[in-house]
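Database features (Swiss-Prot):
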type: SIGNAL; residues: 1-19; note: signal peptide
type: DOMAIN; residues: 131-466; note: domain 'Peptidase A1'
type: ACT_SITE; residues: Asp149; note: active site
type: DISULFID; residues: Cys159-Cys162; note: disulfide bond
type: DISULFID; residues: Cys165-Cys239; note: disulfide bond
type: DISULFID; residues: Cys186-Cys204; note: disulfide bond
type: DISULFID; residues: Cys191-Cys199; note: disulfide bond
type: DISULFID; residues: Cys278-Cys470; note: disulfide bond
type: ACT_SITE; residues: Asp350; note: active site
type: DISULFID; residues: Cys389-Cys431; note: disulfide bond
Amino acid sequence: MLLPLFFFFLHLHLHLSSSSSISFPDFQIIDVLQPPLTVTATLPDFNNTHFSDESSSKYTLRLLHRDRFPSVTYRNHHHRLHARMRRDTDRVSAILRRISGKVIPSSDSRYEVNDFGSDIVSGMDQGSGEYFVRIGVGSPPRDQYMVIDSGSDMVWVQCQPCKLCYKQSDPVFDPAKSGSYTGVSCGSSVCDRIENSGCHSGGCRYEVMYGDGSYTKGTLALETLTFAKTVVRNVAMGCGHRNRGMFIGAAGLLGIGGGSMSFVGQLSGQTGGAFGYCLVSRGTDSTGSLVFGREALPVGASWVPLVRNPRAPSFYYVGLKGLGVGGVRIPLPDGVFDLTETGDGGVVMDTGTAVTRLPTAAYVAFRDGFKSQTANLPRASGVSIFDTCYDLSGFVSVRVPTVSFYFTEGPVLTLPARNFLMPVDDSGTYCFAFAASPTGLSIIGNIQQEGIQVSFDGANGFVGFGPNVC
């Protein structure tokens with residue numbers, strides 16, 4: 001499929017305090033007539049592209065965008081966009097339900113509630129997985145595609161015997177053929193990490209309910225995961241025998257949320273809770289990366305304190321204080337991004353949400369600030385969730401104002417142009433890639449994170465941006 005690709009001259013600009021002498025570009029240039037890029041829907045050779053450094057405690061995996069799967073086909077760019085925005089709307093709704101505690105119950109009554117532990121609820125919604133990794137499960141390792149989810153505290157794969165399974169790209173994992181599979185017993189310390197854990201024939205059972213009512217249910221186990229030559233033993237993993245509502249060929253999910261049962265939490269002894277990622281830009285044939293270990297924390301990054309929400313400990317909240325357009329800070333209502341004592345509002349960084357959502361008052365002011373500085377550009381009708389679009393079909397290049405996030409304690413992140421003005425069809429229509437949130441919660445989505453080195457220092461409670469682009 002042919003997708004428009006535009007070029008930007010100025011990539012990423014960060015400084016450590018608002019009083020820094022470092023100046024910011026007020027405008028960037030978009031080359032509207034950059035030749036379209038053909039995206040080949042084939043899978044890369046992960047035998048060569050997921051790797052680790054055996055001389056360190058650094059584990060690295062390649063990230064693959066869902067559009068690279070051969071099973072994903074779209075008639076055109078317009079169809080691709082609308083499918084992505086439908087997933088995105090579902091994802092946002094699921095996160096809001098998760099934080100509010102309103103999760104749609106499973107309709108499958110063949111597993112009794114008292115057979116399982118309490119729900120480990122993920123922010124991931126049906127069909128919203130955007131990025132995948134390739135991981136070897138068991139001994140010998142069977143390679144599986146797994147969705148990464150920064151809002152989930154669970155690692156799981158579909159398992160035989162499969163009472164109810166969705167279609168996946170690889171054969172369903174069979175624990176009977178793994179020499180390292182060990183079931184977790186009731187009353188064990190691992191099972192106790194799931195509140196009110198349930199038992200079945202002496203084994204620990206789990207149930208993960210997602211925001212739309214999809215789920216995975218099965219047995220909790222300890223298993224070996226392999227990344228190329230790196231072997232990680234005794235990972236607490238769900239072996240799902242009943243799974244409904246998953247998507248696009250993934251075998252399961254690699255949760256990298258803030259809880260102790262996530263992959264990040266389980267590796268904290270070796271990695272200090274440190275990890276980072278570079279999300280591949282949409283519409284390219286390249287792969288991103290997911291790195292675990294202290295070496296994922298680069299020198300020269302700009303660090304922002306993480307904010308903990310006891311009501312939603314899986315999610316990574318950050319302190320956001322303001323927004324800028326063209327070097328001008330936009331006036332916003334006081335406290336519009338604050339996390340309240342009751343756990344409402346705040347700003348979440350999420351890998352599964354595509355488009356950044358802002359509270360309505362902040363979004364309107366931000367959007368209007370951008371519109372006022374792009375009044376010379378011809379407008380187009382809104383597309384999907386976007387209400388601010390431009391007809392750039394008659395242009396060779398366009399000068400646009402920069403967009404910036406002002407974080408707590410001073411750091412400023414100025415986005416590359418492709419992260420805030422995106423093509424939505426094959427006819428030169430570009431849209432301002434932000435949307436209003438239905439509540440006071442803000443979500444920084446993966447479109448705004450693309451191509452930026454993002455690092456999490458869980459031990460010290462910081463998230464870093466840069467210094468590199470990727």
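Along the chain as shown, residues are numbered 1 onward.
Backbone N, Cα and C define each Cβ position, glycine as well.
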Legend entry - For the disulfide-bonded residues Cys159, Cys165, Cys186, Cys278, the one whose C-beta sees the most other C-beta atoms within 10 angstroms: Cys159
Inset, instruction - Could you check which of the disulfide-bonded residues (Cys191, Cys204, Cys431) sits closest to Cys165 (disulfide bond), going Cα to Cα? - result: Cys204
Legend entry - Residue among disulfide-bonded residues Cys162, Cys191, Cys431 with Cα closest to the Cα of Cys470 (disulfide bond): Cys431
Inset, instruction - Do me a favour and check the Cα-Cα span between Cys204 (disulfide bond) and Cys159 (disulfide bond); whole Å is fine. - result: 15
Inset, instruction - Within 10 Å of each Cβ, count the other Cβ atoms and name the one among the disulfide-bonded residues Cys199, Cys431 with the highest count. - result: Cys431
Legend entry - Residue with minimal Cβ packing [other Cβ atoms within 10 Å] among the disulfide-bonded residues Cys204, Cys389: Cys389
Inset, instruction - Using DSSP with the three-state reduction, classify Cys186 (disulfide bond) as helix, strand or coil. - result: coil
Inset, instruction - Using C-alpha atoms only, work out the spacing between Cys159 (disulfide bond) and Asp350 (active site) and round it to an integer in Å. - result: 28
Legend entry - Other CB atoms, at most 10 A from the CB of Asp149 (active site): 27
Inset, instruction - Return the member of Cys162, Cys199, Asp350, Cys389 nearest to Cys239 (disulfide bond) in space, with distance defined Cα to Cα and candidates limited to these recorded positions. - result: Cys162
Inset, instruction - Select the closest residue to Cys431 (disulfide bond) from the following recorded positions, measuring between CA atoms: Cys162, Cys186, Cys199, Cys278, Asp350. - result: Asp350
Inset, instruction - Pull out the recorded positions from the set Asp149, Cys191, Cys199 whose C-alpha sits within 10 Å of the C-alpha of Asp350 (active site). - result: Asp149
